[in-house]
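Engineer: According to TrEMBL:
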DOMAIN    64-117  domain 'NXPE C-terminal'
DOMAIN    296-493  domain 'Cas1p 10 TM acyl transferase'
DOMAIN    514-569  domain 'Cas1p 10 TM acyl transferase'
DOMAIN    593-820  domain 'Cas1p 10 TM acyl transferase'
TRANSMEM  315-333  transmembrane segment
TRANSMEM  364-382  transmembrane segment
TRANSMEM  394-414  transmembrane segment
TRANSMEM  434-455  transmembrane segment
TRANSMEM  462-479  transmembrane segment
TRANSMEM  537-557  transmembrane segment
TRANSMEM  577-596  transmembrane segment
TRANSMEM  602-626  transmembrane segment
TRANSMEM  647-665  transmembrane segment
TRANSMEM  680-699  transmembrane segment
TRANSMEM  740-763  transmembrane segment
TRANSMEM  783-804  transmembrane segment
Amino acid sequence: MAVLAYCLGKREINHYFTIKNAKLISLALVVVLLVSHTVSRYYGGSDSCEWLLSRGRYLGENVWQPYGCMMHKYKSTEAKSCLAGKRVAFLGDSRIRQLFYSFIKILDPERREDGNKHEDISFEDPGSSVNVDFLWHPEANNSMKERLVSWTQETSPKPDVVVLAAAAWSIKLHSGSSEALQQYRANLTAMAAHLQQLAQHGEVYWVLQDPVNEEALSDSRKMITNQQLELYNEAAVEVLKPGPADGGSRVKLLAATRQAAMATIAQSDDGLHLPESTRSVGAAVLMNSVCNKLLKPIDGSCCQTSPPPNRLQKLSAGFFLGFLVFLLLHLLGSSHHRRPVPPDVESLEEKKPATAAVPPGPKAALQALCRMGVIMAYFYLCDRADVFMKEQKFYSHSTFFIPLIYILILGFFYSENSKETKLLNREQTDEWKGWMQLVILIYHISGASVFLPVYMHVRVLVAAYLFQTGYGHFSFFWLKGDFGLYRVCQVSFPGSAFIRTLHDVLSCVLFPRQVLFRLNFLVLVLCVVMDRPYQFYYFVPLVTFWFFIIYGTLIVWPQILQKKANSRCHLVRVRRFWSRWLMLGFLSPGGGVWYMGVVVKLLGLLLFICFFAFSQSFFESIFSAWPFSKLFERNGSVREWWFRWKLDRFAVFHGMLFAFIYLVLQKCQVLSESKGEALFSARISNLLLLLSVVSFIMYSKWASSCKNKTECNEMHPYISVVQILSFVLIRNIPGYVRSVYSSFFAWFGKISLELFICQYHIWLAADTKGILVLIPGNPSLNILVSTFIFVCVAHEISLITNDLAQVIIPKDSMALLKRLAAMGVFSLVAWLLTRGGQPTPGA
């Protein structure tokens, strides 16, 4: 009964919750969210600087999250660069003095709180000419007013940033009397005009009073109650309430530190002064408010506005909009086009349909481009416009491991019998890519890179993707032998000798055109729409590079294919120490030569990898040269490409070597791949399983005990293959394990590439530094909704890419040449148009 209920439950879910219905729901959600966020910003305000200064919450210990935007953690060099040549003044009592010290510790982390109490304190950095002063003014009285008046004189040097507050001393000296409160309000009213005048020159912040821990206060401070402080805050807000912006100049109220102090005031030593962690929140808020608009850090969205679209982005918007208008005018009432499931671009395995599929026509391509345009508009609104909010990541073990447990349960719930039982069959590799991609997504959104054991295991998952790339491409070329030479030999091509030669070159070189199109189409579109370099999406350049390396290794003379090395295996019995007879295959002399040729090619590839790995200067000189620099540089350097390439430099080679050994063993009929049968004999299978489990555990133990990322990354290229091979053997040696797979994970595996790329802009935010916020104030619901939309979009893009690949990349090389020429002319025109809007050097 339990099994029946389990199967019926899956059928009910699959019947009602189809991907088509899911996409319709996600589209409706996007429309509703766009409208609600637009209305909220129009009526409720869209100033992220106001959010930074007024609202926020603690994500965890010492981690402050402003409402709706991200704070950048400023380093000393960045802070000095922002404040170079500027003067910052803090006016107030001992609590403002604390804020002063926290602020200058960002500039100079070694600075100690060594100033005298109740006196002025100065800080100067000679290198950057930054001056930060603390001026002792414990009360908002005539003394403070005179200081402000002196700065407003035309001949007087004015501070660029003024931070001030006072109230506790007024409450203490006058025992919380109502007359003192009235005088406080009158004094603030008298100072307000001078503050507004200073705000037109620089920035002025009035800090609202932080709460106190009344139980910990000394007897001389018992009259400083939270009720009294709240009355003084209300008076300050009433007098200094921001009015209409006058060129962006106005007094700003800093209330975020007060909210942060409410959660930490219990840790205060004397009940009045805040713990250092809370003071650091106030200093960080001030630094972000002053510097974000100047330095524009990608992970500091507070106090920043999105830059206007450049000319290339406008052209791309017009391009997609033109297709949409054309479709609406000429294709109304057209029948729906049924789109086939895209093949796996990484393994190159493709299931052939029972009947030949009709290639989609121009109408299908037009519809696909229109859908792509709508999706790209959503990408732009999510991560390049000020429509949706963004928040920073915060890692905790629960945010990583609880979702991990959820997806594992779902994966087991959707277990199915596999149609194939061969080692690393299509369903199994889809499953493998699926659960790896889900783990990587959870890793990214939870910020788990700060936890070293998780970081190292995720590094193995990235290496496993490259291992599959080497395994899949090597297997395809070895078994199919399709390097494009068939077209060269079979096609009768008219025309001049030059054209025939060009056709031959295209036949050989452009064989992988559909693979490369599917790998790079989305990334190239995003490079234009999102104004990001190609290397920003590092995994796609990495896989593309290794595809060319595999292709070049196998196509170079002599081309060695299975049909050339199609020799018989002579079986010989060999006695082993465990007193069992084993069957080992030895190849006939004719076929052995070809196999040795493959070994030589693999050894050559290994030497190529080692040479580049130990010649960083040579590596950088090659990839810094044009045209490689356009593909592999990021921020004017190839250092990141060097790091990414070197980190998993042996993974593809390991995949190719494993594929070669497996195919040889399979040809020699050494493996038992029937349903339910172990891959080897019982004793060998048990031994290999034991070794695999021990190796798997030992690697995890090493990854958990590694001291730092640098040390771990140095060892990773050499030992990651241990974890990968251990998993492959554990997953494939037992016949009953090899005969089942998770359709849940396999479904995600088929769109793993799109999931990896799309997460950059419609799930994460600020170039993966933060999290996209569609539903403010409810982090759990926000993750559920944004994830649902994100997965639907990724699946739709995979179908769009498949449609366009069949239309844009024809099998006929001359047709492809014409389309490439047309695309080249279009790209040249677009480049010239965009270049026309750029200033010429030296202008």
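Positions of Cβ are set from backbone N, Cα and C atoms, glycine also.
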Engineer: So, does the transmembrane segment (364-382) come close enough to the transmembrane segment (783-804) to give 3+ Cβ pairs below 8 Å, pairs being at least 6 apart in sequence?
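Structural biologist: Since 3 or more Cβ pairs under 8 Å link them, the transmembrane segment (783-804) and the transmembrane segment (364-382) do come into contact.
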Engineer: Where else in the chain does the transmembrane segment (740-763) make close Cβ contacts, counting only residues six or more beyond its ends and a cut-off under 8 Å?
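Structural biologist: For the transmembrane segment (740-763), the far contacts come to 341-342, 344-346, 378-379, 382-383, 410-418, 427-438, 440-441, 444-445, 518-519, 522-523, 526, 530, 536-537, 539-540, 771-772, 786-787, 789-791, 793-795, 797-798, 801.
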Engineer: Could you tell me how many residues in the domain 'NXPE C-terminal' (64-117) are helical, how many are strand and how many are coil under DSSP?
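Structural biologist: When I sort the residues of the domain 'NXPE C-terminal' (64-117) into the three classes, I find 22 helix, 9 strand, 23 coil.
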Engineer: Go through the chain and flag residues at least 6 beyond the ends of the transmembrane segment (394-414) whose CB is under 8 A from any CB in it; none is fine as an answer.
Structural biologist: 6, 10, 59-60, 63, 65, 435, 438-439, 442-443, 446-451, 454, 742-745
Engineer: When DSSP states are grouped into helix, strand and coil, how many residues of the domain 'Cas1p 10 TM acyl transferase' (514-569) land in each?
Structural biologist: 36 helix, 1 strand, 19 coil
Engineer: Which sequence-distant residues neighbour the transmembrane segment (462-479)? Criterion: at least 6 residues beyond either end, Cβ under 8 Å.
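Structural biologist: Distant contacts of the transmembrane segment (462-479): 344, 346-349, 424, 429, 432-433, 436, 440, 539, 542-543, 546-547, 550-551, 554-555, 561-562, 648, 651-656, 658-660, 663, 716, 720-721, 724, 727.
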